Amino acid sequence: MSENPKPSSSSSKSSGLPRKRFYRARAHSNPLSDSHFPVPIKPSLFDLSEHYPHFFPDQSNDPKRIEFADIGCGFGGLLVTLSPIFPDTLMIGMEIRDKVASYVDERIRALRTPVGDYHNISVVRTNSMKYLPNYFEKAQLSKMFFLFPDPHFKEKNRRRRVISDSLLDEYAYVMKVGGLVYAVTDVEELGEWIRGCLERHCLFQRVGDEEAAGDPVAKVLDSATEEGKKVFRNGGLTFRCVFRRIAA
């Protein structure tokens, strides 16, 4: 997480947590534009000891790997919510906006305690639509999250959507069989688009409503993020789906 800048005046004196007003950025970013940030050449060169020093105290070749990926993690609400629920599971947020990634970095550092709380979550500034295979091996992830992604309403911009027929091939590659994809949006048309893409793909199968209702992760998706809380405050609706990675 050290690659993100850390403005010293941005933390709350009372709690140590960063204040969002110092990290405000555009709501969306063009994922097809060229951005400049370090990207590992291959997953084995992604230094986990930098992100999870509690789990890799001596830069050892521990077999532990990242299992959850929050794509477009925003201000990190889902990571912070899931961390105590799965304390031994490594999770990472992937965020393309530099200021937002810096905020999440500062937030996690402020929350971490000597006994290990919140040491299993981290963030990296990157473009997951371009570089996902640079971070994860084949069949590595057990959960992927796409919460309130940019809807890209204009038809000419739909190729920028984070879920598409072609991108699902990459997501299927990094997910283990039985892994779950969670998607939530407050835009009905986008919800139908996401569900349609996943239903058409031969390596994903929809999880039934009854099973999804019993999933402890699915229960927090609407309330964990800043966007979800805003939708709730405004009395809006959310459209969600859960799909399982199946064998070929």
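Backbone N, Cα and C define each Cβ position, glycine as well.
TrEMBL labels come from automatic prediction, so no person has curated them.
Feature list (source: TrEMBL):
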REGION    1-20  region 'Disordered'
COMPBIAS  1-15  compositional bias 'Low complexity'
BINDING   Gly72, Glu95, Ile96, Asn127, Ser128, Leu147, Thr225, Glu226, Glu227  S-adenosyl-L-methionine binding site
ACT_SITE  Asp150  active site
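Overlay of TrEMBL feature records on the structure.
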{"residue": "Gly72", "record": "S-adenosyl-L-methionine binding site", "CB count, 10 Å": "22"}
{"residue": "Ile96", "record": "S-adenosyl-L-methionine binding site", "CB count, 10 Å": "22"}
{"residue": "Ser128", "record": "S-adenosyl-L-methionine binding site", "CB count, 10 Å": "26"}
{"residue": "Asp150", "record": "active site", "CB count, 10 Å": "18"}
{"residue": "Thr225", "record": "S-adenosyl-L-methionine binding site", "CB count, 10 Å": "25"}
{"residue": "Glu227", "record": "S-adenosyl-L-methionine binding site", "CB count, 10 Å": "20"}
Filter the binding-site residues Ile96, Ser128, Thr225, Glu227 down to those whose C-alpha lies within 10 angstroms of the C-alpha of Asp150 (active site); answer none if the list is empty.
none
What span in Å does the S-adenosyl-L-methionine site cover, taken as the longest CA to CA distance among Gly72, Glu95, Ile96, Asn127, Ser128, Leu147, Thr225, Glu226, Glu227?
21
